[in-house]
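Below is one structure, written out as structure tokens; comments come after it.
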Amino acid sequence: MRLGSGAFAASCVVIELLGVAVFLRGFFPVSVRSASRARLLPPAPEPAAGTSSNWTQLPPPLFRKVVIMLVDGLRGDFVFGSKGVEFMPYTTYLIEKGFTHSFIAEAKPPTVTLPRIKALMTGSIPGFIDAVRNFNSPVLLEDNLIGQAKTAGKRIIFYGDDTWIKLFPKHFVEYDGTTSFFVSDFREVDDNITRHLDNVLKREDWDMLILHYLGLDHIGHVTGPHSPLVGPKLKEMDYILKKIHISLLSKEREASLPHLLVLCGDHGMSETGGHGASSVEEVSTPLVLISSAFQRKSGNFQPPKHVQQTDLAATLAVGLGLPIPKNSVGSLLFPVVEGATMREQLRFLHLNSVQLSRLLQENVPMFEKDPGYQQFKESEKLHGNWIKLYLEGNNSEVLLNLGRKVLKQYLNALKTLSMSLSKQVAQYDMYSMMVGTVIVLEVLILLLLSTPKALCQKAEFEIPLSTSLLSLLFFLMLLILSAVHVIICTSAERSCYFCSISWLMAVGVMMLISALLCVILSFLTNTFENVRPPAKNQAASSSSWSGLDLLILFGTLGHVLSLGASSFIEEEHQTWYFLINTLCLALGHEMCRNHFLGKDFDHNLTMEGDFQKDTEKILQYKNDHVDVPEYNKTHKLPSSLELPEGYEKWLGLASPWLILICCRLLRSLNQTGVQWAHRPDFGHWLTSSDHKAALSVLAFLSLVMIFILVQRRCSPVSKVAMALGLLGIYCYRAAFGNVFLPWQRDNKDISKGIIEARFVYVFVLGILFTGTKDLLKSQVISTDVSIKSRGLWEIYSGLVLLAALLLRPHNLPILVFSLLIQAVMAKCIWKPLKHDAAQITIMHYWFGQAFFYFQGNSNNLATLDVSAGFVGLDHYVELPAMFLTAFATYIGPILWAVHLLSFLSSENTSRNSAMGHACFCYAVICSIPVSAYIILVTSLRYHLFIWSVFSPKLLYEGMHLLLTATICVFFTAMDQTNLIKP
């Protein structure tokens with residue numbers, strides 16, 4: 001079967017995407033789980049040495065009603081810092097006067113809502129892949145506090161983030177949910193909760209009330225943690241807490257037990273307003289427990305102690321008289337039970353220790369040697385001695401001292417057990433990881449082996465698929481892999497994902513691995529058989545590498561090697577900035593050599609003759625081996641010996657330096673990474689409320705420049721649509737309150753801008769429809785290349801308009817500079833220097849990666865701008881929101897890839913195979929870092945920063961590969977030479 005280079009590359013990337021998906025499924029581990037399937041386990045009896053205790057049931061509850069007030073995105077310093085003193089006076093008063101037990105609860109990454117709710121209610125540490133599931137929450141089947149309360153007959157009411165309703169669909173007697181993803185809403189999401197409070201606080205028909213406020217998190221996403229909107233929102237939360245607390249106090253006179261009010265956050269927010277990573281601001285959340293049962297502490301106010309967020313589940317279970325969730329790795333917050341009797345305190349700690357020791361036994365083979373387990377056994381033995389003395393009626397000082405010693409032993413054992421279980425989270429599915437790695441490496445080897453034939457002038461080659469599938473080696477490999485699969489799946493102590501799929505799917509994957517191996521061996525055989533000693537006159541040309549080729553090679557290898565260091569991953573933007581700056585210097589050197597050497601040749605006939613001969617040889621070699629874009633006849637190219645006249649010469653010489661200046665300006669717009677992310681940048685200056693006029697002027701000028709740079713190749717109808725669309729974008733930002741309109745001088749008319757954004761969407765779809773129509777027409781009239789070129793530019797223009805809508809106003813200059821750099825490089829560099837399709841493709845790829853970071857993105861989930869997914873939406877719609885978020889994140893790579901396709905289509909005739917070469921190079925340049933990074937994270941899976949640094953980067957690489965597969969398929973569809981031939 002014969003395939004074009006583009007079709008072959010697209011097929012390889014799609015297969016590689018399958019391998020990465022299997023690897024990701026095995027890499028992201030499942031949290032430690034109890035092997036017992038029983039929902040409710042009988043409580044452990046009270047230990048007693050030589051006697052039998054009559055306390056075999058759970059202790060009675062400590063609180064009658066519990067109210068959990070969860071404020072999404074509430075940072076620790078918002079309560080315990082200067083903002084808390086200024087904007088939350090009532091909460092600060094309760095803390096300082098000793099009416100609370102206050103803590104800083106540490107949230108484990110990923111710091112997004114879904115896994116944090118799971119941690120709070122189950123006490124377990126959710127898997128990292130829950131960051132992806134955060135957009136579509138499944139039902140929580142794991143043992144949890146809400147389920148235990150419902151089983152015990154507790155009546156639970158919930159108002160707030162509908163993630164809770166998805167996790168616990170049949171647990172609430174009354175609920176009202178609001179979507180957490182419509183981040184443009186700062187007030188209605190909270191007002192929808194507060195409007196129920198007056199009514200529900202008067203009633204007695206509930207035992208638990210859960211409130212999840214979202215407004216503060218939304219403010220952080222859109223305007224950042226230092227926005228002037230944060231203070232009023234904190235005041236609002238403080239007023240609500242005061243109302244709830246006063247209401248609970250008024251009811252305690254009639255109740256036999258006190259009530260408990262919990263103020264907490266699910267996660268914090270970074271200095272840019274996002275969350276998802278592991279910075280101190282993101283993982284530090286306040287945990288304030290308020291109750292009249294707590295003894296008022298005298299003395300100076302002490303800073304809150306640091307605890308784990310998972311400790312809340314065990315504490316609330318004890319406070320409500322419920323079993324501790326069996327998968328909980330948290331330990332009881334002992335200050336909450338300090339007011340109980342000594343026997344009750346020991347009973348609480350013993351139940352928590354038994355639950356953790358059971359979990360340790362079921363997840364750690366050598367649990368007897370664990371220090372925490374040994375401490376627990378010693379504590380249990382001492383506890384039994386204390387119970388014996390207690391039941392004998394001994395009330396001496398010995399009993400009190402022994403009780404204190406047992407308490408201390410239990411607390412140490414709980415701390416050690418909790419730490420041991422937390423370390424067990426990283427349990428990898430190595431079988432699935434190995435299967436995925438093998439597929440990815442086979443695809444990479446196949447791409448590298450096929451490079452010489454894929455980049456030849458014909459850009460097509462024979463794939464020995466039929467002979468490979470019928471070979472004896474294929475069936476032998478399939479038999480071996482099936483045997484290995486059976487052995488692993490029948491002997492593995494833990495469940496493997498690849499073992500859980502159906503046999504039909506497993507056999508299909510094994511057939512794919514076997515077929516790829518056979519094709520690789522066939523390629524190797526043909527390569528060695530066709531090796532011939534090169535002729536003397538061809539040796540020099542075939543072995544010559546230009547300086548640009550060497551830069552591309554070593555730059556790619558250097559980037560791959562840099563992925564092995566956590567610091568280079570955190571600051572990967574510096575790598576790409578260095579590479580494009582070096583590329584500009586290399587292009588500047590090449591431009592100077594091209595122009596000034598040509599001048600010397602005009603004055604040296606001998607040298608001119610020699611150069612002409614060398615030029616003929618190089619051009620002959622490129623015709624035989626390397627693709628050089630064949631430019632349209634309408635564009636007259638200077639020969640290698642002719643100088644561009646007038647301004648064209650100096651514009652060409654100045655273009656690399658102009659690009660360098662643009663890149664330097666873009667670097668100052670957004671600080672990203674980790675080390676310097678806290679430093680002020682021009683973007684922060686523009687987004688401050690004091691500089692709204694400057695932002696308005698900059699946004700207006702940027703939109704005008706976008707129109708000037710894009711409209712030059714658009715049809716008249718598309719020009720009008722582009723102009724109206726850009727005008728609509730400015731009106732949308734003005735309606736949202738980001739910029740000024742001449743007739744709008746205050747914030748009275750600020751809205752969500754839904755109508756304006758939908759107005760822009762109409763023009764985006766219209767331009768995309770026009771481009772699609774031209775592309776379909778070009779498939780019928782294949783001789784007219786201009787139709788396809790115009791259609792691709794229309795598609796590109798529509799995507800530029802969509803990007804301008806989704807980018808934040810201060811980032812619009814990034815889009816302007818991107819368009820400007822593309823225009824300069826197309827006119828002044830790629831055409832005069834006659835770079836081949838492979839070189840142009842890699843330059844597009846490098847600049848696309850650099851612009852990904854110019855936007856302010858990083859390998860940190862906290863920089864993901866989810867607000868872009870809700871532009872023009874009045875409620876959460878999953879597919880459009882996910883598409884818009886992904887497009888807004890990868891605007892740089894997408895626009896540069898589409899520009900590559902448009903440029904090659906406009907500058908080449910239909911006989912040329914540049915598109916196939918570009919598609920193949922794009923696939924190779926993306927596959928090399930993905931394959932290397934999979935090997936790196938496998939070898940570094942027990943690294944200290946595996947979850948905070950390496951894992952988020954792995955998710956970004958997986959998403960980037962999905963984007964690459966989509967681009968390669970689009971390239972293949974546009975290249976009519978990529979036809980499959982039997």
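Backbone N, Cα and C atoms are what each Cβ position is placed from, and that goes for glycine too.
Unlike curated entries, TrEMBL annotations are predicted automatically.
Quick look at what TrEMBL lists:
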- 6-28: transmembrane segment (TRANSMEM)
- 428-449: transmembrane segment (TRANSMEM)
- 469-489: transmembrane segment (TRANSMEM)
- 501-525: transmembrane segment (TRANSMEM)
- 652-957: domain 'GPI ethanolamine phosphate transferase 2 C-terminal' (DOMAIN)
- 693-710: transmembrane segment (TRANSMEM)
- 722-741: transmembrane segment (TRANSMEM)
- 753-770: transmembrane segment (TRANSMEM)
- 876-898: transmembrane segment (TRANSMEM)
- 919-942: transmembrane segment (TRANSMEM)
- 954-974: transmembrane segment (TRANSMEM)
Q. Would the transmembrane segment (6-28) and the transmembrane segment (722-741) count as touching if the test is at least 3 Cβ pairs under 8 Å, pairs 6 or more apart?
A. no
Q: Determine which residues of the chain contact the transmembrane segment (753-770) at the Cβ level, with the cut-off under 8 Å and only residues 6 or more beyond its ends counted.
A: 184, 714-715, 717-718, 721-722, 724-725, 728-729, 731-733, 735-736, 791, 794-795, 797-799, 801-802, 805, 871-874
Q: Among 428-449, 693-710, 876-898, point out the range having the most Cβ pairs under 8 angstroms from the transmembrane segment (722-741).
A: 693-710
Q: Could you tell me what the rest of the chain brings near the transmembrane segment (876-898), counting residues at least six beyond its ends with Cβ under 8 Å?
A: 135-136, 179-182, 792, 795-796, 799-800, 802-803, 806-807, 814-815, 818, 822, 844-845, 847-852, 854-855, 857, 864-866, 868-870, 922, 959-960, 963, 967
Q) Under 8 Å, at least three CB pairs between the transmembrane segment (428-449) and the transmembrane segment (693-710) (pairs 6 or more apart)? A) no
(Q) Please report, as numbers and ranges, the same-chain residues at least 6 past the borders of the transmembrane segment (954-974) whose CB is under 8 Å from any CB of it. (A) 4, 6-7, 9-10, 13-14, 16-17, 20-21, 24, 27, 131-132, 775, 788, 792, 859, 861, 886, 890, 893-894, 897, 901, 905, 915, 918-919, 922-923, 926-927, 929-930, 933-934, 937
Q: Kindly state the mean pLDDT of the domain 'GPI ethanolamine phosphate transferase 2 C-terminal' (652-957) in the predicted structure.
A: 87
Q | Long-range environment of the transmembrane segment (501-525) - Cβ separation under 8 angstroms, sequence gap at least 6 | A | 15, 18, 22, 435, 438-439, 442-443, 445-446, 449-450, 463-465, 467-469, 471, 473-474, 477-478, 481-482, 485
